[in-house]
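Presented below is the structure to which this report refers.
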Amino acid sequence: MTPEQLDAADPLAPFRDRFALPEGVIYLDGNSLGARPKAAAGRIAQVVEREWGEGLITSWNAAGWIEAPRRIGDKIAQLVGAGNGEMIACDSTSVNIFKTLCAALSLTPERDTILSERGNFPTDIYMVQGIEALTGRRIRQQLVEPGEVEGAMGDHVAVVLLTHVHYKTGRMRDMALTTRLAHEAGASIVWDLSHSAGAVPVDLTSAGADFAVGCGYKYLNGGPGAPAFLFAAKRHQQKVMPALSGWFGHAEPFAFDDQYRPAPGVERFMVGTPPVLGMAALEVGVDLFLEADMAQVRSKSLSLSRLFIERMKPLCAAHGFQLASPELEAERGSQVSYRHPQGYAIMQALIARGVVGDFRAPDILRFGFTPLYTSHVEVAAAVDHMAQVMEGGEWDRPEYKVRAAVT
Ligand SMILES: *Cc1c(COP(=O)(O)O)cnc(C)c1O
């Protein structure tokens, strides 16, 4: 089928109109910062003018601000196969990694290792280095090659920390299998779902996952710096004393007691006052997703990436792009990456043409496919732009080689 025919048969096509996207831009970076739902502007204005401006402090109760972390958590839970009361929207992914790792470590106090893979998203690795320092190196990080994680699950391993869909390659792990292997080895597992929530079907419950975290501003379209989410399986919640024991995680924050007593449920993983404006925008993005069928999202995501890979083949042969993502669709998330030694400059030339992807050092061009607002026609057009960038040597301009702070 042609891209036009694929779009005509696309059941998700009506969602496109729910997003504000600039004219002339083909946005293939929703895996890094999701596009803005049109409704976000009105909702933010309402929170600022009415709830904050007029309601003032009464809005904590009257406008439901106080319940937002749990309410939005329960909504995100539906997208990743978690139950009610197992998810909270709070803090950043980095902070939530710290909280879940500390919780998971406390389940097996006799073990001393957090196992992860080399080349994991940096914050995942860095947060563990902080835990190493904090514990006087009693807890240590073990980093192995991506294919060696399962084999390294020895009886020293307390926690396995893995990203479900890799941020560079888009490789997707088998969550159920890896979780089972971790459990058989006596370890617990923390899944980073930053590139999974809203991108691929996830079932934390059937996988038996222990903890999970993820971003609100990527596929969930929650806005720049949106609050993240944290999942803790019900069976663990009562067992773990939160490492960041803030007053919002207290059983009765407004009792103002000197003694910390964690909330009975997932609320114990909250720390401080939730960022209400960010929560409001996040909820708009999540609500949109609740209207979509995740099976349709997955099927369109694969259709978009299949078309992209197919059309890129001649360019790979002619210009030396190397597919860095799995060919096998079952192993591919919702992005496609290519390696190219001139990747940075090529991406800048594409962006100047209105095709927005991003670059990840040292040589990865990354293209995210967001089925709610990206069409097959756009994907085909993006490859046409790429061909022109390469054939005219357009990328080879000095201004495309100057590195910006954010790539
Ligand atoms: C984007 C991303 C993060 C981001 O963490 P922040 O605390 O929001 O900056 C963490 N982990 C992975 C795997 C990511 O892709």
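For all residues, glycine too, the Cβ spot is worked out from N, Cα and C.
In TrEMBL, annotation is done automatically, which means it is predicted and not curated.
Taken from TrEMBL, the feature pyridoxal 5'-phosphate binding site covers Thr93, Ser94, Phe121, Pro122, Thr123, Asp124, Thr163, Asp192, His195, Tyr217, Trp247, Thr273. Non-local contacts of Phe121 (pyridoxal 5'-phosphate binding site) by the CB criterion (under 8 A, 6+ apart in sequence, same chain) comprise Thr163, Tyr167, Asp192, Ser194.
The N6-(pyridoxal phosphate)lysine feature in TrEMBL is assigned to Lys218. The number of other Cβ atoms within 10 Å of the Cβ belonging to Lys218 (N6-(pyridoxal phosphate)lysine), over all protein chains shown, comes to 28.
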In sequence order, which same-chain residues at least six apart have a C-beta under 8 angstroms from Thr93 (pyridoxal 5'-phosphate binding site)?
Thr123, Asp192, Ser194, Val213, Gly214, Cys215, Ala228
For each of the binding-site residues (Thr123, Thr163), count the other CB atoms lying within 10 A of its CB, then report the residue with the highest count.
Thr163
Determine the binding-site residues, out of Thr93, Thr123, Thr163, Trp247, lying near ligand 1 in the sense that the CB is under 6 Å from one of its atoms, and give them in sequence order.
Thr93, Thr123, Thr163
Judged by the number of other CB atoms within 10 angstroms, which among His195, Trp247 is the least packed of the binding-site residues?
Trp247
Tell me the Cα distance separating Lys218 (N6-(pyridoxal phosphate)lysine) from Trp247 (pyridoxal 5'-phosphate binding site), rounded to the nearest angstrom.
29
